[in-house]
Amino acid sequence: MAASSACLVGNGLSVNTTTKQRLSKHFSGRQTSFSSVIRTSKVNVVKASLDGKKKQEGRRDFLKILLGNAGVGLVASGKANADEQGVSSSRMSYSRFLEYLDKDRVNKVDLYENGTIAIVEAVSPELGNRVERVRVQLPGLSQELLQKLRAKNIDFAAHNAQEDQGSVLFNLIGNLAFPALLIGGLFLLSRRSGGGMGGPGGPGNPLQFGQSKAKFQMEPNTGVTFDDVAGVDEAKQDFMEVVEFLKKPERFTAVGAKIPKGVLLIGPPGTGKTLLAKAIAGEAGVPFFSISGSEFVEMFVGVGASRVRDLFKKAKENAPCIVFVDEIDAVGRQRGTGIGGGNDEREQTLNQLLTEMDGFEGNTGVIVVAATNRADILDSALLRPGRFDRQVSVDVPDVKGRTDILKVHAGNKKFDNDVSLEIIAMRTPGFSGADLANLLNEAAILAGRRARTSISSKEIDDSIDRIVAGMEGTVMTDGKSKSLVAYHEVGHAVCGTLTPGHDAVQKVTLIPRGQARGLTWFIPSDDPTLISKQQLFARIVGGLGGRAAEEIIFGDSEVTTGAVGDLQQITGLARQMVTTFGMSDIGPWSLMDSSAQSDVIMRMMARNSMSEKLAEDIDSAVKKLSDSAYEIALSHIKNNREAMDKLVEVLLEKETIGGDEFRAILSEFTEIPPENRVPSSTTTTPASAPTPAAV
């Protein structure tokens, strides 16, 4: 026999042995053997202790092997038993039995039920002369049949049914043993795996479906404090009061103040809502529960409401504490939209959440902190005082906030002397805290890839381009396509610069990024939340500049699909001017509910609530805005053909033109509107908000 070796690791020891073992067991007259060869050698200490998780995995592996061996044994036993008994469930007619008897194919006959049933052991030619056991229904035990059996010298015997009850019971137990063992083993596996496939309360343990999945930290060690949170000073101030109340409640109760029951964080993604919650846990030093809103909802009815009850029960037992619910819009969506019916699982869960929050007694010390970026779809009952007493807006930071955030994330990075965090903050309007962290991380990755010891301005520039527009592609070779893209991008820049109120050009490039073969970058205004009608209309003109350049330079038949992204943007902007901002001939009306802006179903319902005449007026107003902007773009291209040709010539040569160089060349041929003139020092490097040409 070939030798094999096995290495056993357990209780911190690595053991090798040299002994042979052989195990054997008889199953119904058949012998099944299991052999293993183990070599013995030296004992070496590998580890002082074994991790609990490895122990548990070892038990599960052992249980799986045990179940597998038991299954093999039972199958082997059943097969051997079946080979002995044959196919006793097969039936044979009485006439065929007599035919077999005449041809000497019957070996044995067992009679049951007073001779009315016979189990016959016969040789079947259809099965290659195999011996099979068949059941024959006899008309009665006749003397002629007995005499025939004696004459053929066939072994036959009569049996009482009571005598066979033991074997029937044994066969029944044998048939049920394997399923019972399998089910029991699976149950033990699910128990030992801590709740089965779904974890505690998951599908593996049905008894824990209604238990909360919230992560509980008695002494939270998130590693985050308010010093790590920058750019959201107003939100920090509100939460500092909450932390003070949890630490020193007597200071507030002495003057009759009550603890706020809930704080709702509202803001776009990446602005630091979850980071603020971690900072609260780190500062307060009280028990901290964290859970996602989606974990309340399951496929089974009532599970979500049960988990809400279980969560708040644990919170009250550990008060004072903080309960953080991330993405609460998953469970707090507005009710009564007609979607899912009155018994929708989300509505039941929301009803239970409202009840639990409103059922708190005064000053219990339990504060619910929730975060969402879809406050417009939350149920109004969830937002009233007494539930979420405070609503804190966490918006994208301003220049000062961006500078503070960059200082936090730049603490562990090395920069060249020419890198200024203040300049980076000025160049990144609209960036959230997560975007700024990603920006510096991308710059550090690029510096490492280029074998640099510190981050330079070049890495910062490339990182901004990469985050906003995507990965850099291969530059196009000279040809008609490259010339067309150059005219397209210069058309954007010229129409934008010559239209009063438009953002300043940052750079024009033919270097492809993402899906765009060329890009025109503009500097957004300092306050992106306040935009005038003139600025919006100028952006529509600038967006149509690429399409206008293609039509004027190459002819109407040569217009390409490169303006598809531009058309989508300017159509959406024009529709917003008409339906949301009231900047059209229809009048200062808000024709679209704010909650319908980000919800497809609500948008459809709002559209259906309009009259046909009003819908036609909206479409006409949108078309009028787009048509008038396109006429202006066409006139800019026609009146500045020489400037266009010169700019395209320089762009094809350099592949990238900076904003200052672009305006210097353009001003040689035409006058730039005073409001669009920009000091040269403000546009030395690219910023955000590109206008792509997806040719």
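From the backbone N, Cα and C atoms, a Cβ is placed for every residue, glycine too.
The shown structure was predicted, so the numbers you read here are calculated from the model rather than taken from an experiment.
Sequence annotations record features per position, and here Swiss-Prot assigns Zn(2+) binding site to HIS488, HIS492, ASP566 based on similarity to another entry. Here Swiss-Prot flags 679-695 as compositional bias 'Low complexity'. Summarising the annotation, Swiss-Prot assigns region 'Disordered' to 673-695. Per Swiss-Prot, the feature topological domain 'Lumenal, thylakoid' maps to 83-167; the stated evidence is sequence analysis. The topological domain 'Stromal' annotation in Swiss-Prot covers 189-695. The transit peptide feature in Swiss-Prot is assigned to 1-47, 48-82. According to Swiss-Prot, the feature transmembrane segment maps to 168-188, an assignment based on sequence analysis.
Listed binding-site residues: HIS488, HIS492. The one with the lowest count of other Cβ atoms within 10 Å of its Cβ is HIS488. The average pLDDT for the topological domain 'Stromal' (189-695) in the predicted structure is 81. Across the topological domain 'Lumenal, thylakoid' (83-167), the DSSP tally of helix, strand and coil residues reads 31 helix, 30 strand, 24 coil. Classification of HIS488 (Zn(2+) binding site) by DSSP places it within a helix. ASP566 (Zn(2+) binding site) falls within a helix when secondary structure is assigned with DSSP.
ASP566 (Zn(2+) binding site) is surrounded by 22 other CB atoms, counting those within 10 A of its CB over all protein chains shown.
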